[in-house]
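Participant: Pulled these from TrEMBL:
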type	residues	note
REGION	1-93	region 'Disordered'
REGION	112-132	region 'Disordered'
COMPBIAS	112-127	compositional bias 'Polar residues'
DOMAIN	158-297	domain 'Potassium channel inwardly rectifying transmembrane'
TRANSMEM	192-214	transmembrane segment
TRANSMEM	269-292	transmembrane segment
DOMAIN	304-475	domain 'Inward rectifier potassium channel C-terminal'
Amino acid sequence: MLAYLPRPPTDTSRYGTFPQKPNLPAAPGALGEDGGQQAAATTAKRSAPMPNYPSAPRHSGFVPGDPSLLPSRGSLTTQHHRGHPSWCPPPAPQEAGARLYPLHALSVANIPNSSHGKASARSSTIPTPEGLQSRRCKLLEEDSPMVQASKRQRQRYVTKVGKCQVNLGNIQDKKRFLSDIFTTIVDLKYRWFLFVFMMCYVITWLVFGFIYFFDAWVRGDVGHQGDPEWQACIENVDGFVSALLLSVESQRTIGYGTRMVTANCAEGVILLIAQSIVGSMIDAMMVGCMFVKISRPKKRAQTLIFSKNCVISRRDEKLCLMFRVGDLRESHMVDAKIRAKLIKSRQTAEGEFIPLEQSELNLGYDTGEDRLFLVEPQIICHVINRHSPFWDMSAESLRREQFEIIIILEGIVEATGMTCQARTSYTEDEILWGYRFEPCMSLEKGAFQVDYSRFEMTFEVQTPAASAKELHELKELEQQEHSTLSLYWDHLLQPC
């Protein structure tokens, strides 16, 4: 339940994107052995687990005056995939004045304390050894939020292929499943379904075979085999095996002609009628279950694909959350509709803890954009406005959040007329800030060609790292300044 609570706030100065010059002392030096131990202790203290309390996000990388200089998530993602962080000190020696450090590089303690100040003072003029420099780089790399996010293992609510990871337990009233036996059989896995399919026939054959044998034994037909004067009720039944063969021949309407029920007994005729009715019911139910299970629209959902990542970028001067959907078949989905749910735990003002709360993400329900004509891959857009749960979320606070977005695509299969549902999910680690999807359609030989090899491709665009709320407030502030300047200019132009 605690998997979707917001992450504890960390030092926001560690997430600086652009390198800056630190205020180094006049005699810059390196860390000695004591300084290295102190750096390791500080790093271990900073990476220790903290209470999972929700808190307001802190935006240290936001510059109100110039939104174009705001850092983007794309640069961090690109550096992370290269395998070596750009903020690690280079191995080659450089001048202290020309070396640039990121903001979070100053979080490692390099100022001597009172306990070992003399040793640090003596080593202030000694250049930094390469081993200690690589050790410091390794500590910073292990403490990177990107590495921590990749190492963190979380339980997903819905897998990427659409399977819900929820197990139902302690169900007391299980007789409800027997009241809907058809759906229960259809929902079984194939191995259990085939087992039930075979056992329905085998059990009925055995039961009616035993009844045939018991009737023939009671009437004496078994002991008078070969007697031409004996009027048998069931002919040519001399044991259980022959009675079982009679049961199979009667239910499957094979009729070889050697074993049969005669008119010398009424119970044999009633038994044959009962087996014929039971066999017809089993045929209707089992064949119907087999047909429904084979033609279930769940298999049609395998050809409905979603992009592996979500992207956040600006579209029409609005910050938007976007993902891509596509249909691999030429037979299209009829009346396709798409929905999105945000799964996130929260605590109310009264102290009530709501685990895995579901909230709706507007994908154009009021404008009809959620109803798709899914012929080619389409990019679904969620506008981050004041009604969106991502209204006050920035690129920095996105790293501390823990949530899951469930995408549900529903439609009618054109071939069978059944309703199909395809699902997928996106966690906060699968959202790329400052990216956009590449186009995958082109015009070739009088028709539009879809290249599904470019379905997952994205490219980085210039996107402010501030939240949509901050961008909206900045825009309103600029409009107020512009209107104030216009009024002042109009007042100067008026004659005295």
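A Cβ is built for glycine as well, from the same backbone N, Cα and C atoms used for every other residue.
Note: TrEMBL annotation is automatic and uncurated.
Give me the lay of the land around each of these features.
Facilitator: Remark: secondary structure over the domain 'Potassium channel inwardly rectifying transmembrane' (158-297) totals 82 helix, 6 strand, 52 coil, with classes taken from DSSP.
Distant neighbours of the transmembrane segment (192-214): 185-186, 222, 234, 237, 239-240, 243-248, 250-251, 271, 275, 278-279, 282, 286, 289-290, 293; these residues of the same chain sit at least 6 beyond its ends, with a Cβ under 8 Å from one of its Cβ atoms.
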Participant: Averaged over the whole of the domain 'Inward rectifier potassium channel C-terminal' (304-475), what is the pLDDT?
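Facilitator: Averaging the confidence scores along the domain 'Inward rectifier potassium channel C-terminal' (304-475) gives 92.
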